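J.: Feature table excerpt (Swiss-Prot):
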{"type": "ACT_SITE", "residues": "K219", "note": "active site"}
{"type": "BINDING", "residues": "38-67, 101-102, T134, K294", "note": "NAD(+) binding site"}
{"type": "TRANSIT", "residues": "1-34", "note": "transit peptide"}
Amino acid sequence: MAIRRAQTLLCLSKFKTNFVSGSLHRFSSSSQNSNQFQNVGFIGLGNMGFRMVNNLIRAGYKVTVHDINRDVMKMFTEMGVSSRETPYEVAQDSEVVITMLPSSSHVMDVYTGTNGLLLGENDIRPALFIDSSTIDPQTTRKISLAVSNCNLKEKRDNWEKPVMLDAPVSGGVLAAEAGTLTFMVGGPEDAYLAARPILQSMGRTSIYCGGSGNGSAAKICNNLAMAVSMLGTSEALALGQSLGISASTLTEVLNTSSGRCWSSDAYNPVPGVMKGVPSSRDYNGGFASKLMAKDLNLAAASAEEVGHKSPLISKAQEIYKKMCEEGHETKDFSCVFRHFYNGKDEV
């Protein structure tokens, strides 16, 4: 946790100059956006969250933030962004609250814990809550029900009750910074339509997936497919090298044949084959193996909940658990290539 906080602070310190000279200038000089919501609260200022906040400010929203990391909070305050000590205080200043947190337990605590977002359930100011964390659908639905049981302090247009959307993202840190994330959204469709301008300020694509929890379900399924695809691509490339085919040649074959996939043509796991991806920098940056292990655990729990057979989840869990135990938990998940091959790299 301490390492993660230090990494976030380092990213923020590099980001600070551009944030102040760019985002806040654009906010002060640009016309207000046409969305019905203007005051947005944001909780969770990690590697993804602080970049998403920057894009909200670029789009003209007035943002109030909170994080348990006081150093990050201080840095945002110094950049001219309003901060609050508790989630409840953020809610009091916001029409919409977005959360981007590490786990189901964190999300549950921020919503329903001491000084949580839903404190004073008969007097809630935000009409809309958007959770972009990657958590299990069951927890999402529990929190959504708790939100719907609250009452609004002031009714807005056709909003009789506050509403929650689950809107996890795909694209990682680079997409968060560029504002090109993909949002997978579950919840009432009218709330999704109202939230689209906010989502579009942080992402390129938003896909409505159905009722509450379906966004979370889509994210878990997407990451399961991503994990299995990476395992298959890594095993194929490792086998090819062992049989005497260079990884670059086999990659060309895959990418012009039926084996083509995101793991081969956009995120190749073999060092030296592709520039700008984690495998080209000793698997640093990107999506940590421990996070993939967490998401596979969520997929396994969800599969068990509905009685779905999941042999590939189990195998992927086993491999990523081993990778983490061997000290690769903070390395990008494409380092699983090392599980299959330890020969000479192409450089």
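From the backbone N, Cα and C atoms, a Cβ is placed for every residue, glycine too.
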J.: Just the number: how many Å between the Cα atoms of L101 (NAD(+) binding site) and the residue listed as 'active site'?
T.: 15
J.: Indicate the candidate from M48, R58 with the smallest number of other Cβ atoms within 10 Å of its Cβ, considering only these binding-site residues.
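T.: Each of the binding-site residues M48, R58 was scored by Cβ atoms within 10 Å; lowest is R58.
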J.: Count the Cβ atoms, other than its own, that fall within 10 Å of the Cβ of Q38 (NAD(+) binding site), considering every protein chain shown.
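T.: The answer is 13 other Cβ atoms.
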J.: Let me check the 10 A CB neighbour count of K219 (active site). How many other CB atoms are there?
T.: 28
J.: According to DSSP, does V63 (NAD(+) binding site) fall in a helix, a strand, or coil?
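T.: The three-state answer is strand.
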J.: Just to verify a number: CA distance, Q38 (NAD(+) binding site) to K219 (active site), in angstrom, no decimals.
T.: 28
J.: For R58 (NAD(+) binding site), name the DSSP secondary structure in the helix/strand/coil scheme.
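T.: R58 (NAD(+) binding site) sits in a helix per DSSP.
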J.: If one measures from the C-alpha of I43 (NAD(+) binding site) to the C-alpha of K219 (active site), what distance in angstrom results, rounded to a whole number?
T.: 20
J.: Do you know offhand how many angstrom separate V63 (NAD(+) binding site) and the residue listed as 'active site' by C-alpha?
T.: 26
J.: What is the number of other Cβ atoms found within 10 Å of the Cβ of V53 (NAD(+) binding site)?
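T.: Step by step: centre on the Cβ of V53 (NAD(+) binding site), count other Cβ atoms within 10 Å, giving 27.
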J.: Roughly how many Å lie between the Cα atoms of M48 (NAD(+) binding site) and K219 (active site), rounded to a whole value?
T.: 16
J.: Between K219 (active site) and R58 (NAD(+) binding site), find the distance joining the two CA atoms and give it rounded to the nearest Å.
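T.: A Cα-Cα distance of 26 Å.
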